[in-house]
Every structure is written in C-alpha cells, then in structure tokens.
Amino acid sequence: MYKLMETFLVCCFLISIKCNTNRLRVKRSGDALCTKRPEGCFCQDRDDTCSSCIGRSCCMCDEYCLTANDCCSDFATFCMKKCTEINCQNGGLCQEHNNRFSNCDCLQLFSGTFCEIDLCQPFPSDIVFVLDNSYSIQNKYFDEGKQYISSLSPNMTIDSNVFEIAIISFSDHAIVEHDFGSISSHADFAQKISGIKLKNRTSEIVQGLNKAREVLFKRLHLQRKKFVVILTDGLISTPSQLTLSYSSAIPVYALAVGEDVSHFYLEKMTSSMDRVFTTNSDRLWSHILAETFNGICKYCSKSSETDVILAVDTSISMHGHDLLTTIPDIMNKILVKMGDASNDTQLSLITFDQTVNTEFDFMKVSPENKSLLQRRLSSFTQSNYNVAANISNLLTTVHMAFNQNTNGARHVAKKVLLIISRFTADVDDKISSVSNDMKTKGVEIFTIGLDNNDKSFRTMLSIAPNALHIGTNGELNVDSVNTFIDFFGYQLMDLKCTF
C-alpha cells in the first residue's frame, strides 16, 4: 500500500513563475497549483535530492527545506490523477471531484486508498512461540506441547503478508532458536520446533518473556499485530521476578503443559485466565484468529451452550469440614463464575460413593434459578457406607448422563465434568480407559483434589489431563482455587473460528 501511495507523491520544487504572496507553485499531473507554504520554506526536488535547496540541508522526498538543519513536512502534496489512471481493487468504484481522482468507494469488507485491504483476511501479525524446556516440564508433556503447536501451523499462512513466526526456548536463560524470516512453511516450522530438546535446568520464565518482547520490538513493525505464545507449566524458579517486574502491552497466551501447573502464575504472566489454554482443544488458535480479524467478519462465533456436571465425593474418605465448608465455598465461587459467563449454561449435581446419585437434573444457570442452586449446593451429607468412592462407576454414569434425553442434556452442547474428591481410590485400568473414552468424545474433565498426597495426585492425573486438575490440602487456598475457578469458568465459553 505504501509503495502505491509513494508513486502518487509529488514533492514541491522552485520554479521561475511566482505565485501570489506567501503562495507556492506546485505541479499536479500537468497542472500548476498554488498552495500555502510556511515563511522561508524552500522546496525539495522529487528526483534530485534537494537540488532546489541550495545552501541548505537536504530533506526527504515530500518535505520542505525550512532552515539549514530543519525540514518541514506539514504541506505534503499528492499527485491526483483521473479515474482512467486509477485501479480500484476488489470491486471498488473510483470517484472523481473537480475532474480529478477523489477516492475509491470500497465494498463493505474492503478498505484502503485503493480498496487493497481485505478486512476478512488475518491482519499481518508477528507471533513468538516461547518454549519452556526446563526440567519441571518432563519429556512427555514437552513433546505433547510441541506437537500441539506444530498442529496450529497448517492453519497459518507463513509469509511476510500474514503470519511471521519466531521461536525462543528458555530454562535458566533464554535463546532465540529461530528468528523472524527463518521459518518459511508449515513443514519448516514443524521440523524446527521438533528439534528443540528438554534441558535439566531451572525455569526462568521472565527471561523467556523478555526475550520475546525484545525480538518483537527490534523489528519496528508498528503496523503488525504482535503475540507471544508461551508453552509452560508456570512453575517459575524465581517467582518474585514475575510478580514484581513483568508487564507487557503485547498479549501473552499460555499453553499449559506439564504434569502439574501453577494456575496462579499462569494468570500473572497472561493477566487473565481467558488467555490460558490446554492441548485438548483448538481454543488457542481461535483466540489468535479472533484478534486478527476485523469485527465485521463472521468467521468467529461464541457459544455458551454448555452442560456441566458437578460430581461431589460423599464417601467415608471425605472429612466433615470438606462437605460442610470447603466444598460449599468452592461451589459458590463456581456458581458465581458460571453466572458471569452466560445464562446458556446448564448444571447438574451428582454425589457418589460406591453408588452414584443424581441430586438434580440439568438446570439453567439463570437469575431465576440462582437461589435454588445456591441452596442445593450449600451442604452435603456424608455416606454411611464404610467404603471408598468408586471413580470408574462415576465416570461410566456421567458418560451416560451426558447422552440421555430425559434429564435435560443437550446433544449439541459442550460437555464438562468437574469432580471434587480426596481421590483416595487406587488407579485402575478401567478409570483410565473410561476417562480417555470420554475425552475422545469431547467431554472435558476437571478435578479438584482436597488431599495433596502423591497417591491422590496420581489418581487425579489419571482422570484429568494436564492443566485440568488442582490439589489443595483441605483448606481453601484462595489464590490457587480462585485462579483455577477462573480458568474453569472461561472453558465454559466456546470460541470457534472457521477460515
């Protein structure tokens, strides 16, 4: 666009025919035109650098020489041609005023001087992928994250007009693995990202983020959108650096990977849990696309049509404080968050021990139902059976409940399960098999564990994918629970972009 505009610029020049007082003669497409100039302002020749500015410093084209050291650009002129010489692109119609080109009248989805900007193409953007390859990630999750990021690139047009990509890795220090301009295609991107290896070192997240910011700013591409996508578990070695020193005007999206993640620090680095994503959906790519499209384009749509089942363990392994205080507090926070999200979410409550009991079928989370839902989620009665909870039985029952026609479940709705338990049951093949089957069929599973011992953690991990679980020590850890519930709430809203 800028090159096209430049061809229509004409710089003023001194000629022998004088204009009236304090007027300057400027040539426009064969015609002479007098235009006001500042006092003492001499003109620059377009082709011969400042040849008319004898005895004065030369200025850039389209600027006037004002003094020996200064230039004046307030009176730049355009060479205005007729419509017969103008090519309005993308169906635009050329308009004339006083027998000269005035503007291109663009169709709705195009813009620019000559309608050359397609508003429904992704805006030119620079994306830096920042990979945490410190020891806490573990190879399994690091490879999973790299594979997920590689899966995004077939959707990208990798060139200077749309998406340009750079890759940074960090552990105890940050390295620019591949700078802008070095990645030319999807295959090239996948190959280069697969070559980055895990390191047995500490995690200095701020160094990775600062290096990304440095790489973006040094390009001086002010007209391009900028994004940072960080693959990390949020387990930072120096937390004070992140909480005290990191801030950025560039949006940071986090892809949460790892056996365990810190939702608290993920929020610190992204500023909001709606910028934290997992590898079990394409939400990350949809959010990036939504930022690069003009709002008038209809490529992206939001939906809050979600069916949520809350499953509470009431077995003998649960403590009285869990059922009377901790879980009701969590439920109230969840209910508030769900109410903030939308009124198109439905909620059902299940309690379980060896058996599974539906406390109420799917209900709309609406202002009309708020008081009723609060009462039904305010306390829980412990089971009289001296047996541990049967997790596999719970998962099987929930899977069926999401597909019933008699309980208010919606076939096309997004399906979310949140389990709150101490997870004292042993992990068995059936638990893993049923949970994996549910995930492949689109059910997203979250867990809140009220016991942080290793056995409970392993059971949670076998049920919920990475980044979708949290453990507490039986007391309500405000920071960790609040950020997790924020994260949970944002997952209820689905954003899809088709392009």
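Each Cβ is built from the backbone N, Cα and C atoms, and glycine gets one as well.
No curator has checked TrEMBL annotations; they are predicted automatically.
In the disulfide annotation of TrEMBL, CYS115 is paired with CYS106 out of the candidates CYS106, CYS120. Across the domain 'EGF-like' (80-116), DSSP helix (H, G, I), strand (E, B) and coil residues number 3 helix, 13 strand, 21 coil. Here the domain 'VWFA' (126-296) returns a mean pLDDT of 89 for the predicted model. Under a cutoff of 8 A between CB atoms, and with a sequence separation of 6+ in the same chain, the neighbours of CYS115 (disulfide bond) are CYS88, GLN89, ASN90, GLY91, GLY92, CYS104, CYS106, LEU107.
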